[in-house]
Amino acid sequence: MSAVRLLLLFLLCSHFVSLCHGACSEVDSDTEAVAGKGFKLGCISCKMRPEVEASATVNWYFKAKGEAEFAHIYNYDEEGPHIVDERFEERVDWNGSKRSQDIQDASIYLFNVTFNDSGTYSCHFHRLLTYEFYEYQTVVSKIVHLKVVAKATRGTASIVSEVMMYVSIIGLQAWLYIEMVYCFRKISAAGEEALRESANAEYLAIASESKDNCAGVQVAE
């Protein structure tokens, strides 16, 4: 096997590893917060084509109990975070993707949660996918129904969500390990085959040279 084929095999294995390293898992947000404490409003939207370049902006909306319409409360774009609704002034912090315009995690963190924070939250991804010859825009929305309580009562949904998250992480790590072992064995086998081919070629060259020398000696006699 030539060095070029070895290099292509190595690059293919590296591609599998990079895909696994950048894997995204959409985990639902918790829905129960405790008054007076902090709470993470989760919102994850995984990009289906990881190899496609993309950029995204995020908007959060809130509809309190008894209200008829959603109010725009938060925005995150290339310029950073912006708190739109004064009810959440100095109480919201970005808890999602950092140092990247390709936002897939748009979670936010609420400080000092109050009972007035109970209601429905809506998270909207405005994503621009950049292909070679055109661009395509998508909008993905997620809904979180938040209930604020005086004392924590962990629900079944929260437990199941956490278990699924750990199962996904373990599964991805196992897949990465299997891919790495497979690639290592392929590269090792390819290297051994290349060495054998090189040794055979060298042997044939020596044999051919010896034959030519013998023929030369016979002609001289």
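The backbone N, Cα and C atoms fix where each Cβ goes, and this holds for glycine too.
Annotation source TrEMBL lists signal peptide at 1-22.
TrEMBL lists 44-141 with the feature domain 'Ig-like'. The average pLDDT the prediction assigns to the domain 'Ig-like' (44-141) is 93.
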DSSP residue counts for the domain 'Ig-like' (44-141), split into helix, strand and coil: 6 helix, 50 strand, 42 coil
